[in-house]
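**Student:** This is the structure I have questions about; it appears just below.
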Amino acid sequence: MNPFAGDDDVVDFTQPSQHQTSSPWAPSTGQQGQTAHYGGNDLIDFQDQFGNSSSNLPQAQSAYLPSQPTLKHSDTFMTDGASSLYDEGSGQIDDDDNLQLLDNQGPIAGSRYNRQPSNASSIPGSVSGGIPLRSSQSPTSTPTRAKRRQSFRGKINELLGRSPRLVPGQESEARLIYINNQALNEQQNYLHNRIFTGKYTSFTFLPKFLYEEFSKYANLFFLFISGIQQIPGISPTSRWTTLVPLLIVLLITAVKEVIEDWGVHRSDAELNARGCKVLEGSQFVERPWRDIRVGDIVRIDGGGHFPADLVLLSSSEPEGLCYIETSNLDGEVNLKIKQALPQTAKCVTPLDIGQLQGTIKSEQPNNRLYNYDGTVTLAVDEVGRNRDFALDPTQLLLRGAQLRNTSWIYGIVVFTGHETKLMLNSSKKPSKVSNVTRLTNRNIVYLFIILVVMSICCSIGGLVTTISKGSQLAYLAINDMSRAGEFGYGILTFLILFNSFIPISLMVTMELVKYIQSYLIDSDLDMYYEPTDTAATARSSSLIEELGQVQFVFSDKTGTLTCNEMQFRQSSIAGLSYADKVESDRQAQDGVDDPTLQYTFSQLEAHLKSHSTANVINEFLTLLAVCHTVIPEQQEGSDEIIYQASSPDEGALVKGASTLGYKFHTRRPNSINCNIRGRDLEFQILNVCEFNSTRKRMSAVVRGPDGKIKLYCKGADTVILERLSENNPFVEPTLMHLEEYATEGLRTLCVAMREIPEDEYARWSQIYDKASTTLVNRSEELDRAAEMIEQDMFLLGATAIEDKLQDGVPDTIHTLQEAGIKVWVLTGDRQETAINIGYSCKLLNEEMSLIVCNEENHWDTKNFLEAKLKEISDVKNRGEDLEPLALVIDGRALTFALEKDIEKVLFDLAVLCKAVVCCRVSPLQKALVVKLVKKYTHAILLAIGDGANDVSMIQAAHVGIGISGVEGLQAARSADFAISQFRFLKKLLLVHGAWSYQRLSKMIFYYFYKNVALYLTQFWYAFYNGFSGSTLYESWTMSCFNVIFTFLPPLAIGIFDQFVSARMLDKYPQLYILGQHNEFFNQKKFWGWFANAIFHSLILFFTGVGAFRNDGVFMNGTNGGQWWVGTVVFTAVLGCILWKGALITDMWTKYTFIAIPGSMVVWFIYLPIVAYIGSSVSTSVFPEYNGIVPQVWGNVNFWLYLILVPFLCNLRDFAWKFAKRMYRPMPYHFVQEIQKFNLPDYRPRMDRFRQAVNKVRRIQRLKRNRGYAFSQTDSDQTKIIRVYDTTQQKPQG
């Protein structure tokens, strides 16, 4: 038995071994530790929770462990007559990918073995850290009670709209899937493929809605008031005056919730109704996604999305290869390669795939995106013997990914619906409450306390009145009860009488205003992106005012700031610079070889024919066309070639060479063909030394059409320059060009070559072949072999690729920084790439000093951050000017910096910087950075991203924004707002955010003011009616006060008011700082409005008392009475409140005229209706208003009172507003006057001077730090290109 079986070995275990245990998934575990094999001969100890290693295992068991073979991706073994063995293999584990899953349930991602009880191996059929390869249950056995219970639980979860939960320990059980046997699969009761992401179902709507609404203090208070109003004899008003408005408020809120959730249900229904081809018999039929089941074999055509998690069976490409794009999962558009097992890759017709028989033993559903373990059991001969073949992430196609550059694939469904890895990583949107809503709830509590105090005071007053003057009040029907009962009775009575002191309709008005504001965002054509037909979407209107207070923006890079579309823009060849577009002042003329000038690509083609550097240009372009791992694909019916490249940089270089006449068009296993200036030439690819993050270069050894062997190499300037020969004439001009390219934020590479003699290549080839077949440290040996040949090269030049930014990104980031918003970029890209993009998008500029943290351990990171913080603090303490700073930190250092003892230092240093760039960070680290800032500051945080890897960051922030459009919608679905381009963030925050915050602040304070002003007049009236609980106003008029008479003015203010125009907010982004400092909504302003309401109520009531102390006397000899005075005072209060509304309105529209003067018109229409129609129906309907209209409207005192008293109340407000604008103006006051009088902006402009200074600084800085950047996956591309032959016709499937 060979314990070091390689990737190509077939290990046959037809004979039972004494060392084999009943645990087939992993090597046997001892009580204190666990040992596994990786790579055949490396013994790795996994410590248990007690810190003990496998060195403490019993001797016999330890002796057993080294004899276990390790099976790789292509290994097979017999299964009849012996227990199966399986090791998940040696896939590369990406630490960044695993970090995101540390806080999820289940074992840590990347861990190949899960701890089990020490006696697991002694239990028949038990597993030790994985899934068993055999099932103790017969395939045809009926579902057990546990399965029925699980099925019942699943239906309950479906009714409640819940996702399946990951149960600890459940992952150790295998999921058995039968290939082409749906009857047996249905017996397993697997979950359906429908998805549900809505907030409510028809079953949960009522309880969920009521729970949320009555968790609001105001609604709970009014429910209590409505309850006590039903008690006979307590309420001084009608028993329905609170309950009916409360029901109206709840109804309006419910309608709003239903409308918002209906959109989510509709998008779910559209997704569930998508079509997919499913195998039935020997042909594929169309079936909606919702009807796809576990075990179905599906066909996905090129460009299609995967409807569930699939295991790849075969494809149109050689060896079962396929390319997928995972932008919906991680935001990256780099193509990733998947490969089917060789045993299933040959099934390329419906007939072949329909005859496939076997079983798949899969791990249970879990949320580990980058890990998968399973086996497939297939018959391998006519006798019927079966073999198990290992399945790993290479065969797994995740729901949400898209098939690219592949005609079709066949796959079998293993996970469906909410059990797919995508959905298990998609948590429900967390419940977020805005800062304004929190403060409003707190203010409601303050008003409730004041209300209780008022009720207690009035009850005490009533008790004192009864005791002191009881004998004089014998004509009143006073209840005969104890003093304590009378006191409690009085409190309840006054609570009911003053209940609208807390505005009942405030919350629903807020929700209505927010909903309409979100509709305005949805309808804004400035944020509509025509290429993808995508408008901005406010998915959570309850957070809309938060957009006006953001202080930190956390942004992903790829797909958010950039399009991830690489374009070949410039090149330096033989010391001359070429570009696709050249500025006129830098245009080089033919015949003048000036390295400081630029030539066009058309001049480059001319130089190929006659210039002295023609040979160098030819080698340069040949290198671009030959040195790569790109696969060409001919489009049917056209000459267009699509280049399949796992690296977008390589694709751009090959495409660039093609446009310049060096067209790569055919790849065979050992050669490629290029059409070079009309001639079809073949190049033999002898060896490929692949790119990795350590080498920072890749090279190809090629035999050209002339028979000569040449080495072509491209990579970072730092690694290429040190490997050049002594005689290289183009180094200095190339370095100068590299600095220019990096200045423009382009991604740069150096390219070099050398000619290799036959005898040298023969010797080196033997070394390379030996390194490529070694079983020990193969990658290191290959790197050493490449190092031997990549020497004494000749520098041809350099390339410059533009990682195209989205339109308007630099201007948006610059404007956000002017608005006082700190922008942090959190990206998985390399540091050089991130810094380059930082400069190109204006996140970083030449005035900034970069603090770069790349420490390798905890203490170095701590010492570095503390030293930098101390330096900056010393400069500030000395009173010196501090230059703008930017912090750049990589993912490894960030891991240490986020630990408890360093995180505060990191935060203190980061907030002193104008910009922060975090590189090579995992999704979990993105969320942790957001939570760190949230922990140490009360600022509003916004996160924006476009992929599923940004969801955790989006949900951790106060406001989450998803980029929707061409890429996936995972981030947009999980976000509070969705936009299609990063540039729309500027208007969303600076205009809509600022408007919403200011409008809502003004509307809420106005709402509090109007209710306090009205109901304090009731309180003052209590001192005149002996605290009897009598009301000054008719009860239904009081009830209609909020919902009819003063309902429209707050709406008009909250929806249409603009303190400055959108153009001015964009022109003066500094106005946004007002929202960050809570200038419009704070406790000081709340108490100011409250005091103003007290002042107005005192004037309104006591001027009324003075004016009507002798009551109204009419010509017919009758008196006005209480209701006459109450109606007059109510009209004046309404006039005063509407006048105040007019005073605080900044912009009048037709809706403002309808709302404010129109509300007074409504009152004048209401009064005669209830006075005449009510009495004509019944004398018991509105008896208080019987005959009152002519008495009120026909009295001149009423009209004088209505005009003078509200004017007197608001005269102080007008004087205060005038004094504040004249002597203590706010910044927006100046902008309002600029807008009103259309004043020109006379701010001095120093743009030209700044540009000149910045250019000097930029050159000086970039001489120290040039911008190498190359996006290349560290994967084995050589094996892939060796199996491709593009001259062969692909199967049609």
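If you go along the chain as it appears here, the first residue is 1 and each next one adds 1.
Backbone N, Cα and C atoms are what each Cβ position is placed from, and that goes for glycine too.
TrEMBL feature annotations, pasted as is:
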COMPBIAS  1-11  compositional bias 'Acidic residues'
COMPBIAS  121-144  compositional bias 'Low complexity'
DOMAIN    177-243  domain 'P-type ATPase N-terminal'
DOMAIN    271-360  domain 'P-type ATPase A'
ACT_SITE  D556  active site, 4-aspartylphosphate intermediate
BINDING   D556, T558, D946, D950  Mg(2+) binding site
BINDING   D556, K557, T558, E650, F691, K714, R747, T827, G828, D829, R920, K926, N949, D950  ATP binding site
DOMAIN    972-1225  domain 'P-type ATPase C-terminal'
**Student:** Around the Cβ of F691 (ATP binding site), how many other Cβ atoms lie within 10 Å? Please give the count over every shown protein chain.
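**Tutor:** Step by step: centre on the Cβ of F691 (ATP binding site), count other Cβ atoms within 10 Å, giving 24.
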**Student:** What whole-number distance in angstrom separates the two most remote CA atoms of the ATP-binding residues D556, K557, T558, E650, F691, K714, R747, T827, G828, D829, R920, K926, N949, D950?
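**Tutor:** Spelled out: the longest distance between any two Cα atoms in D556, K557, T558, E650, F691, K714, R747, T827, G828, D829, R920, K926, N949, D950 is 33 Å.
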**Student:** Tell me, if you would, which residue among R747, R920 (binding-site residues) has the fewest other CB atoms within 10 Å in the structure shown?
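**Tutor:** Selected from the binding-site residues R747, R920 on minimum Cβ neighbours within 10 Å: R920.
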**Student:** Per DSSP, what is the helix/strand/coil residue tally across the domain 'P-type ATPase A' (271-360)?
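**Tutor:** The composition, in the requested order, is 21 helix, 38 strand, 31 coil.
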**Student:** Would you identify which of the binding-site residues D946, D950 has the most other C-beta atoms lying within 10 angstroms of its C-beta?
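**Tutor:** Answer by Cβ density within 10 Å: D946.
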**Student:** Filter the binding-site residues F691, R747, R920, D950 down to the ones within 10 angstroms of D556 (active site, 4-aspartylphosphate intermediate), Cα to Cα, kept in sequence order.
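**Tutor:** Near D556 (active site, 4-aspartylphosphate intermediate) by Cα: D950.
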**Student:** Measure from the CA atom of D946 (Mg(2+) binding site) to the CA atom of R747 (ATP binding site) and give the result in Å, rounded to a whole number.
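**Tutor:** The separation of the Cα atoms works out to 22 Å.
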**Student:** Pop the mean pLDDT for the domain 'P-type ATPase A' (271-360) in here, whole number is fine.
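**Tutor:** PLDDT averaged over the stretch: 88.
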**Student:** For D946 (Mg(2+) binding site), identify the closest of the binding-site residues F691, G828, R920, judging by Cα separation.
**Tutor:** G828
**Student:** Quick one: which of these binding-site residues, F691, R920, N949, have their CA within 10 A of T558 (Mg(2+) binding site)?
**Tutor:** none
**Student:** Near the Cβ of D556 (active site, 4-aspartylphosphate intermediate), how many other Cβ atoms are there if near means within 10 Å?
**Tutor:** 30
**Student:** Could you tell me how many residues in the domain 'P-type ATPase N-terminal' (177-243) are helical, how many are strand and how many are coil under DSSP?
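**Tutor:** Once the DSSP states are binned, the domain 'P-type ATPase N-terminal' (177-243) shows 28 helix, 3 strand, 36 coil.
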**Student:** Calculate the distance in Å between the alpha carbons (Cα) of G828 (ATP binding site) and D950 (Mg(2+) binding site), and round it to a whole number.
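**Tutor:** About 11 Å separate the Cα atoms of these two residues.
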**Student:** Using all protein chains in view, find how many other C-beta atoms are within 10 Å of the C-beta of T558 (Mg(2+) binding site).
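**Tutor:** There are 27 such Cβ atoms around T558 (Mg(2+) binding site).
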**Student:** Can you count the other CB atoms that lie within 10 A of the CB of N949 (ATP binding site)?
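**Tutor:** Total other Cβ atoms inside 10 Å, all chains included: 28.
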**Student:** Across all chains shown, how many C-beta atoms besides its own are within 10 angstroms of the C-beta of G828 (ATP binding site)?
**Tutor:** 26
**Student:** Cα distance, R920 (ATP binding site) to D950 (Mg(2+) binding site), nearest Å?
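**Tutor:** Per the Cα atoms, D950 (Mg(2+) binding site) and R920 (ATP binding site) stand 14 Å apart.
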